[in-house]
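A.B. asks: Okay, here's the structure, questions in a sec.
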Amino acid sequence: MAETAPLSIVTQPSKLWKGVFAVAGIMTTLVTYGVLQEKIMRVPYGDDKAFFRYSLFLVFCNRIATSAISAAALLASKKALDPVAPVYKYSLVSVSNILTTTCQYEALKYVSFPVQTLAKCAKMIPVMVWGTIIMQKKYKGQDYLLAFLVTVGCSIFILYPAGSSEIGPSDIYGRGRENTVWGISLMIGYLGFDGFTSTFQDKLFKGYDMEIHNQIFYTAFCSCVISLTGLILQGQLLPAIHFVSIHNDCFFDIAMLSTVATASQFFISYTIRTFGALTFATIMTTRQLVSIMLSCLWFSHPLSREQWIGAVVVFGTLYAKSFLRSAPKPSPSQQMQNGASLPVKGNP
């Protein structure tokens, strides 16, 4: 009994700092990632005003950097390079992740940035659906309600801009490229594949005693092989290399994109392992809203009344979610029965 109180005191700050670390890492890397991916896919390069059109090449470059750094981390920590789970499970995550990223890049060719961001904000619901199917998780009605309110709040914020503050200029590609139906179809694919990826990662971590770097290395390595095969079969490898060789600024942007994408993979895997897929989806949803708000502040875009209402709905809902999760306090006898070593993540 005497040792229980100090352990509780140490555990809570540790959990708090882990949360701060996860949120700061995801926010920093993925906000930068969002700016770069929009620039690469929607802004022309060079005097010839050429557009970069090779989405799978971006995936390939990102995964090369990720696999190289994760392998170096495994070697530096003297951890085993042998796969912990069957290779086909890594491959399933890789295929789903490639499809997720490709849908995300391709959608920017056909829809504006607000539409893409809106679709990303709906991520919590497919994560809960996949969690029910794959993990047999049981969510409460309030979980679905909170996820719905967050999505509605983000939708209000994005779809009701103040006058000329609308983000996602359609004149870059021309009206003919704003194929909304195809673009929304790509974003639906993004949501489905991304929800499966994060949920299946959660299942991998729970089913095996797996190091973060091990999972990242084998998933990224499988993605390298699959994306390279796709580039060769589609005849896009050499044209993509030629494009970046004559547009140095595009090469720099892709290098930066690969760097922040690699860093984000470590933060994402850490968050999923420590807090679970739904908490990760909540952070990602908030990140979308923060990206829009920072863009408005950076470029002096005014915020409409509807956007302020949307922001209040989102952050109010997230605050309520945190309050509801922390409200039930287990009794001391339950704490002694459960033990302090139980995992933090459970059904959100």
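Even glycines carry a Cβ here, placed using N, Cα and C.
Pulled these features from TrEMBL for this protein:
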- 326-348: region 'Disordered' (REGION)
- 16-36: transmembrane segment (TRANSMEM)
- 56-76: transmembrane segment (TRANSMEM)
- 144-160: transmembrane segment (TRANSMEM)
- 180-196: transmembrane segment (TRANSMEM)
- 216-234: transmembrane segment (TRANSMEM)
- 254-272: transmembrane segment (TRANSMEM)
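Just tell me what is around each of these and how deep it sits.
C.D. replies: For the transmembrane segment (16-36), the residues of the chain that approach it from at least six positions outside its boundaries are 253, 256-257, 260-261, 263-264, 266-268, 270-271, 274-275, 283-284, 287, 290-291, 294, judged by C-beta separation under 8 angstroms.
Counting same-chain residues at least six beyond the ends of the transmembrane segment (180-196), those with a Cβ under 8 angstroms from any Cβ of the stretch are 96-97, 99-100, 103-104, 106-107, 109-111, 115-116, 119-120, 122-123, 126-127, 129-130, 134, 281.
Remote same-chain residues near the transmembrane segment (216-234) are listed as 54, 56-57, 59-60, 63-64, 66-67, 70-71, 74, 81, 83, 87, 90-91, 93-95, 97-98, 240, 265-266, 269 (criterion: CB distance under 8 Å, separation of at least six residues from the stretch ends).
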A.B. asks: Going along the chain, which residues at least six beyond the ends of the transmembrane segment (56-76) come within the CB cut-off of under 8 Å?
C.D. replies: 37, 40, 98, 101-102, 105, 211, 213-214, 216-217, 220-221, 223-224, 227-228, 230-231, 234, 236-237, 240, 254-255, 257-259, 261-262, 265-266
A.B. asks: Residues sitting near the transmembrane segment (144-160): Cβ under 8 Å, six or more positions beyond its termini, same chain?
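C.D. replies: For the transmembrane segment (144-160), the list is 114, 117-118, 121-122, 124-125, 128, 282, 285, 288-289, 292, 304, 306-307, 309-314, 317-318, 320-321, 324.
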A.B. asks: Please give the sequence-distant neighbours of the transmembrane segment (254-272): residues at least 6 beyond its ends with Cβ less than 8 Å from one of its Cβ atoms.
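C.D. replies: 21-22, 25-26, 29-30, 32-33, 36-37, 40, 58, 61-62, 64-66, 69-70, 198, 201-202, 205, 212, 215-216, 220, 244, 279-280, 283.
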